[in-house]
């Protein structure tokens, strides 16, 4: 995969209905069902039910989880990331994930949340800069964008046989 195949534009309505007064996104980045609060309270723990988060975020788990992680870590403020731009970016990522059984936006949200938990462990305290944490969470979000859903071993590049 060298680039995202066929960059698609989101319709304005797909972005605009997630913004509230003043152009700021809702609490979790997108409009969600009220019950999501119970699940978001466990965002720092292993075993978050990512499928339930996907359902309660109205099929926007990647945006809701990532926006929440970056907001709660203070990275949006620290790096002066415009919240509306971040939400638009995350919605675009969701739009570019293919609808397949595994390499989809739910998996991206799950990996982002897992990376967050890993780098929050006491053993890694102070190891990563805030920029590295931001990069790791964003990388987790995008790692399978446009994945063709073929087994990973079929994507391997043959290596040269060295003498």
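The backbone N, Cα and C atoms fix where each Cβ goes, glycine too.
What TrEMBL records for this protein:
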- 24-163: domain 'PDEase' (DOMAIN)
- 103: active site, proton donor (ACT_SITE)
- 107, 143, 144: Zn(2+) 1 binding site (BINDING)
- 144: Zn(2+) 2 binding site (BINDING)
(request) List, in sequence order, the residues of the same chain other than 107, 143, 144 whose Cβ lies within 8 Å of the centroid of the Cβ atoms of the recorded Zn(2+) 1 site. (result) 97, 103, 104, 108, 111, 140, 142, 145, 147
(message) Can you tell me the CA-to-CA distance separating residue 143 (Zn(2+) 1 binding site) and residue 103 (active site, proton donor), as a whole number of Å?
(response) 9
(request) Restricting attention to the domain 'PDEase' (24-163), give the mean pLDDT. (result) 84
(request) Quick one: pull the CA-CA distance for residue 103 (active site, proton donor) versus residue 144 (Zn(2+) 1 binding site), whole Å only. (result) 6
(message) Give me the count of other Cβ atoms within 10 A of the Cβ belonging to residue 144 (Zn(2+) 1 binding site).
(response) 21
(message) Taking 10 A as the limit, how many CB atoms besides its own sit near the CB of residue 107 (Zn(2+) 1 binding site)?
(response) 20
(message) Within 10 Å of its Cβ, which one of these recorded positions (103, 143) has the largest number of other Cβ atoms?
(response) 103
